[in-house]
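Asks: What follows is a structure written as structure tokens; I'll ask about it next.
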Amino acid sequence: MHQFRGKFKAFINNRWLVFVCAMWVQSCAGIGYLFGSISPVIKSAMGYNQRQVAILGVAKDLGDSIGFVAGSLSEVLPIWVVLLIGVVQNFVGYGLVWLVVTGIVPSLPLWVLCIAIFVGTNGETYFNTAALVSCVQNFPKSRGPIVGILKGFAGLSGAILTQIYLMINFPDQSSLIFMIAVGPSIVVLALMFIIRPVGGHKQVRPSDGRSFLFTYSLCLILAGYLLGVLLLEDLIDLKQTVIVLLAVLLIILILLPVIIPVLMVFFSKSRPPAEESLLSEPQKQESGNSEQDGNEVILSEVEDEKSPEVDLLPASERQKRIAHLQVKLFQAAAEGAVRIKRRKGPRRGEDFTLLQALKKADFLLIFFSLVLASGTGLTVIDNLGQICQSLGYTDSSIYVSMISIWNFLGRVGGGYFSELVVRKFAYPRPVTMAVAQVVMAIGLFYYSMGWPGQIYVVTVLIGLGYGAHWAIVPASASELFGLKSFGALYNFLTLASTAGSLIFSGVIASGIYDYYAEQQAAISQQISTAMLAVPLQDDDALSCEGSICYSITFGILSGLCIVATALSMIVVYRTKSVYAQLYGNSRT
């Protein structure tokens, strides 16, 4: 009995169990992805027009992107409290929407529903922050895969929740809102005491590589399975029994990763685990010295005088070279040949606060690169329904589902390949962000040229490129600016896609679309007048047909992605030495 208690305690504190539970939380955390499914229900029940529904959509986007509070609270409160706040917001926000839509509560003004949707959707920022902060601290040397997998599951959550909704077969569509309010809340409440930092950097095992391989394989199987199910549901009228069976198999696939911590704790030989360093050895020495003497005088000229080759030397030799250079500079300072500066704030690779990071060019370059690239990706995703209609496709749901799957694969693949780049070559992780932006630029340029199969090319390449950003950027931010304020840094960066989308979609895409729609309407009006036909209605005048509706927009967005690539490469150039110190000794 005593041995079982020890095993159970080890199981509860196992970093892989925390990771698996975080995956489950993320599987139901992407509440905002379901707005397209619940907005028609709200529109019909409340008698709203499309403009009012669009206002609700803006409230949803703001709730999904404003995570300052969640990031700040994650630094001072236990993780379970952060998750509990998210549960309360999710339940209260969408619970109120459900009560209003079903008529249980009298009809409320539009602004009240906007606040309710904002509060409910904002709850997912707490889920995301808690899951990412816990797992990045538990897997400090595997940040790319960890972030990629977690963000990938968040992107799939809309499809997962939809399948569970179809399995339960509620009598009316408004029940989906009820499920959004209750389902994620129950899951998070059940897991909130498990998801936390558990000193995972001290739990390194030789089997971790196989565990990651198993997880990646399962992610690919899950993506393929969901894509197959979506195609089946679109092409065939499935019976309820088949839908239930497919949903049960989906749930089994989602639960399957728990086998990793179970085997690791209960069915493997107990070996003393190794330990991952949270910082590289040079950083440890520097931070240790700064703790002993916070007012230590730093010779800033060391960075200017040392050659770039010094960063590529082994740690011991590098320290000898720097120490020798410092002795020379001390002597020169004593003679008045050089000036001495006191150290101001942390260096890249150490722990930054958000305010300190905002003063760094690297952080701002990453943010504006993200504004251009992820803002472009979100613009395509938000307008995909109109894009499909302009090309003559009557049902856009299959392409919306496809871009979600490719988005998931982009997040998982972005984490995997960015980790290969930093591990194998000790090259800055943002270089993979630049590659993703080039991929997006190619897809957008292909569409702008009107070449065959443009909708398929855009769906695949934008899905992959946009998704990859959300695996690469959080991992890069944690490496360059530390883990202490990671929640605040991550949630600030999430503002980039919304900021970009407001400009690119709300101004560029809609402006060009309306221009060509008006031109086509004017031509159609002339033709109908000449043929003495019935004049066109206003609704018809607002629709645009043909690839011209978005080809100019996509040409502009392709150029913006190239600009984003240039910004990312500047970050790569500026952070070479940091990544050489972090990963230079781990190259194989």
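Every residue, even glycine, has its Cβ placed from backbone N, Cα and C.
TrEMBL entries are annotated by machine, without manual review.
Residues annotated as domain 'Nodulin-like' in TrEMBL: 15-262. The transmembrane segment annotation in TrEMBL covers 16-36, 66-88, 95-119, 176-199, 211-231, 243-267, 363-381, 396-418, 430-449, 455-477, 489-513, 552-573. According to TrEMBL, the domain 'NFD4 C-terminal' annotation covers 357-514.
Please go over these features one by one and say how buried each is and what sits next to it.
Replies: Packing against the transmembrane segment (16-36) from elsewhere in the chain are residues 56-57, 60-61, 63-64, 83, 90, 94, 117, 120-121, 123-124, 127-128, 130-132, 134-135, 138-139, 146, 149-151, 153-158, 160-162, 176, 180, 183-184, 187-188, 191, 194-196, 198, 200, 211, 254-255, 257-258, 260-261, 264, 400, 404: each is 6 or more residues past its ends and has a CB under 8 Å from a CB in it.
The list of residues near the transmembrane segment (66-88) in space but at least 6 beyond its ends in sequence, with Cβ under 8 angstroms from a Cβ of it, reads 25, 122-130, 133-134, 184-185, 188-189, 191-193, 195-197, 354, 484-485, 487-492, 494-495.
Long-range contacts of the transmembrane segment (95-119) within the same chain, counting only residues at least 6 positions beyond its ends with a Cβ under 8 Å from a Cβ of the stretch, are 35, 41-42, 45-46, 48, 52, 55-56, 58-60, 62-63, 89, 174, 177-178, 181-182.
Beyond the ends of the transmembrane segment (176-199), by six or more residues, the same chain brings 12-15, 17-18, 21-22, 24-25, 27-29, 31, 34, 37-38, 41-42, 78-80, 83-84, 86-87, 90-91, 93-95, 97-98, 101, 120, 123-124, 127, 130-131, 133-134, 137-138, 161, 164-165, 168, 170 to within a C-beta distance below 8 angstroms of the stretch.
Cβ atoms under 8 Å from those of the transmembrane segment (211-231) belong to residues 16, 142, 145, 149, 152, 156, 159-160, 163, 246, 249-250, 253-254, 256-257, 260, 264, 398, 401-402, 405, 408-409, 412, 416 of the same chain, restricted to positions at least 6 beyond its ends.
Below 8 angstroms of C-beta separation, residues 61-62, 64-68, 70-71, 125, 129, 132, 352, 354, 357-358, 363, 366-368, 370-379, 382-383, 386, 473-474, 477-478, 481, 544, 549-550, 552-553, 556-557, 560 of the same chain, each at least six residues beyond the ends of the transmembrane segment (489-513), sit close to that stretch.
Counting residues 6+ beyond its ends, the transmembrane segment (552-573) has Cβ neighbours under 8 Å at 362, 365-366, 368-370, 372-373, 376, 379-380, 427-428, 430-431, 433-434, 437-438, 440-442, 444-445, 447-448, 458, 504, 508-509, 512-513 in the same chain.
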Asks: Need a quick answer: max count of Cβ pairs under 8 Å to the transmembrane segment (455-477), which of 243-267, 363-381, 396-418, 430-449 is it?
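Replies: When the Cβ pairs under 8 Å are tallied, 396-418 comes out ahead.
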Asks: As a test of reading the model: what is the averaged pLDDT for the domain 'NFD4 C-terminal' (357-514)?
Replies: 90
Asks: Using Cβ atoms and a strict cutoff of less than 8 Å, what residues sit near the transmembrane segment (363-381) while being 6 or more residues removed from its termini?
Replies: 352, 357, 387, 403, 407, 430, 433, 436-437, 440, 444, 458, 462, 465-466, 469-470, 473, 476-477, 480-481, 489, 492-493, 496-501, 503-505, 508-509, 554, 557, 560-561, 563-565, 567-568, 570-571, 574
Asks: So what's near the transmembrane segment (243-267) in sequence-distant terms, Cβ-Cβ under 8 Å and 6+ beyond its ends?
Replies: 7, 10-11, 14, 16-17, 20, 23-24, 27, 160, 163-164, 166-167, 169, 205, 207, 211, 214-215, 218, 221-222, 225-226, 229, 232-233
